[in-house]
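**Q** Dumping what TrEMBL says about this protein:
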ACT_SITE  D64  active site, nucleophile
BINDING   D64, D346  Mg(2+) binding site
ACT_SITE  D66  active site, proton donor
BINDING   D66  GMP binding site
Amino acid sequence: MALRGIDVHAAFEGPVEEARTEARKAEDLLKKLDIPSPSLRNSPRGIFCTRTLNLRSISAIGYDMDYTLVHYNVKAWEGRAYDYCMENLKNMGFPIDGLAFDPDLVIRGLVIDKEGGNLVKADRFGYIKIAMHGTKMLSTRAVSEIYGRELVDLRQKSRWEFLNTFFSVSEAVAYMQMVDKLDGGIIPSNLGSFDYNGLYKVVGKALIAAHVEGRLKSEIMSNPEQFVEPDPELLFTLLDQKEAGKKLVLITNSDYHYTHKMMHHSFNRFLPNDMGWRDLFDIVIVSANKPEFFQMSHPMYEVVTEEGLMRPCFKAQTGGLYSGGSAQMVESSLNIHGDEILYIGDHIYTDVSQPKVHLRWRAALICRELEEEYTALIRSRGRRQSLVELINQKEVVVDLFNQLRLALQRQSKGRPAQIVAATNVNKENLTERMQKLLLVMQILDGKIAPMLEADGELFNKKWGYLSRAGLWDKSHLMRQIEKYADIYTSRVSNFLYYTPFMYFGSQEQNLAHDSYTHYCSQIDNFPSYGQLDQHGGEIQETNVSC
């Protein structure tokens, strides 16, 4: 390609080839040092970028604790939360006989319809694709009849409850099971008259009581091995970031005693003898009261004794342990503001959208289920490819059927068909060919329907994939992630494979009309933009293929 007499290919080929040579040398060096190649990042433990993020420009990294720095065994943690919730419901007089915790009943990203007693999965626009009433899945027709074109609107908190985190699982399972009890008419009348919304409030109170009473957390603190899944790589991740000059801050809603116990259990066994978990962080804030922590100012207290005694303070100091306060206080104490701070957590609203919306912090979401979903997608790749091929075949047949239908329609009105050949075909032949195509469509539908229904069952048999609503579209959760999270990944220790200096570049976003690339490939000598100037005159540039 030449532009105004300049050989562009020659101008770029030298530096490009030189860069390739150096890249190959660097990759060979990585292999000799046994350092993982960047290609290994395309895996279930990759970090996925929705908005360009340069870690070199990040001066401070804030962390949530629960399900972020400390990951729990979901079946154990949420199973015990469920048990305490059901015990409280039983003490209130509710029938719970025959009920047990079923973690596969619910996945993150679903939405509870408190008016209908339903659990629904919506696509990125909010249209409901799948629904369950109580513990029974609804048919496609029933979903259409109930919701029609109705949208899930998460701003209507009186009706819709978004399952943001693993902590939502126990509540959702208990609620859907109690909906069955309500529908069965076996809830004693002396407890009052309940609609689905009222029942949700009762289940919520029973679960909150389990947390307020402290029995659940006391059990976890006394036996953390049963509930916490250790991650030895996490320590080296934080040390790398700290030694690279990043200020590390722990901001958790958990209280001091629980935080200390969980962090001590998760980190101290892997630390050198002269270090404790608090040495990893410049500032530690417990009982943060997120999301208000990011929205407004609250008093800050310094925790001054191991027993948790506190005194008021107005500015955090390096190495300090504090309760309450606000994000503005953290910025002021570190003298770091806005997009110089990256906050990492597992709650799409509390940890991701709020620091971004109110403070313009960068945000990362931790979603442990990504590992399982990524693996399931790989395992189902062949099946999904076959399904797409069948759908493409059906599209061709449907288009042919519609063309014949239009030809028949025009013929009945005495007008010529789209082409001469179709105009000359008589009505009987057109009808016969349409019937044959209709039979082919029915055969294809018979193959496609069960494959569509089974798509995603390797992740969850009822709800399919976390990130998808149907074969093509994104789920409502995925839309929230793309809207608010700059990056997302399955666990914090995945940063270990990217270095604290990583530049995360977002991928090109495909648009509906991007099929022009296919169109270009069908045309030889397709004219390039530079071939004609604005007056239609020629300029010095050769044809550039698409």
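Even glycines carry a Cβ here, placed using N, Cα and C.
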**Q** Mind checking which of D64, D66, D346 has the fewest other CB atoms within 10 A of its CB? They're the recorded positions.
**A** D66
**Q** Give the distance between the Cα atoms of D66 (active site, proton donor) and D346 (Mg(2+) binding site), rounded to the nearest whole Å.
**A** 8
**Q** Roughly how many angstrom lie between the C-alpha atoms of D346 (Mg(2+) binding site) and the residue listed as 'active site, nucleophile'?
**A** 8
